[in-house]
């Protein structure tokens, strides 16, 4: 808006100096109006083309009716606020876990704020080890949160079953937790209730042991210059600085230290017969390795626990440093990721071919890649992404892309001895600028999936129809300028200006986009 006003002011000054009489005549007014409108259209087009695309933009409080969109299959679990129902999407056949929260139990203003804050945080977080929210809607009686089905159950139940974990397995789990926490802290989000009950196993496959951090009801944004004061958390895992009412994001690291201690020993470091006794022991910060279970545990593992359970948060290890701790590197260095070569070749081809400046097409593809794919469909791509993510923070930076690109070419069987490093860097820079849809300088997990996935799989009729419905808010069968403005959060701009954007796709010049035009746009983008 400021840019627009400044530009119009410059035009007026120029006209006043050059030819004042034109401002008094009808032709002069029309000329100025036309130039002003032209500039407005150019500004909205630039705003649109420069808008940042994130998967969270597609999670809006929609008018979905549960029984029309989903079929409930069975109850997966119950809690004090509601229940989680295994449900099938009637249009795509995909299964989801839907958290159904009764509004009777969300009467207090603070409870509703907590729920809405959780939704907002999940909208912005995009990480392999953080639960993915697909949809959020409500009716007169309930709120609905739609997420993936994680069939492996809680880490808590796995601990009960195993009693304790081998060091290598404990390291694999805590590395993933720390990866998620590193990403969260980098984005100024603190969880504040990390515990085995809030860590789910993606599948029942004991070899993969992919974890997902859930339950962001107590999470919040934080500022590095300010301390938090709310005394919240769970007795066994709460940090002493939280009990004292002055703490920072490293309260999450304390919780990770407690979890690692439990994984290796089967016992909590701070125990008691009731919550009061537990909290008193937490307040002292004193724990012991003088248990029979710890006799066979390496000094390096104990060293990481010590650094995580430092009483003073200022000297407590950070999430990123913990992720790079020697014990974690040692225990996970031999993790072999068996990558399917045909999937690898296809993903490299798709990434290199992805070239688009058409924001609407990018947005539609991001929605389909991030919200309409299943865990099984993205399994191989997840392996490739994790192999490229050298520092384990859940994002790919420029250096990781360069190193990873070379490694993937080797895996594919290409001879990389004569590769021109400068040429590779140029190619990586082109890839980064093309697929960094939120323009933050990194490739997020969903961005990678979106551009690397099999186009034939992604552009199925069912997925295209569901994606079209996201844009077509009123169900008219056409996407209007107003609907586009609503999705991209630029609703204060006139619909006339949006029509300049629609023209790129609007083949029959009716000022709207029908399903055929929408489908053709995506097929053209994907060279499919």
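A Cβ is built for glycine as well, from the same backbone N, Cα and C atoms used for every other residue.
Check Swiss-Prot against the ranges 350-358, 377-385, 386-394, 395-403 and you find motif 'J domain autoinhibitory motif' recorded for 350-358. Residues 48-49, 51, 53, 55, 57-58, 92, 94, 126, 128, 132, 134-135, 148, 202-203, 210, 337-340, 343-344, 396, 408, 427, 431, 434-435, 437, 445-455, 457-459, 463-464, 466-467, 470-471, 484, 487-488, 501, 504-505, 513, 518, 521-522, 524-527 of the same chain lie 6+ residues outside the region 'J domain' (350-386) yet bring a C-beta within less than 8 angstroms of a C-beta in it. Residues in the region 'J domain' (350-386) partition by DSSP class (helix H, G, I; strand E, B; coil) as 25 helix, 0 strand, 12 coil.
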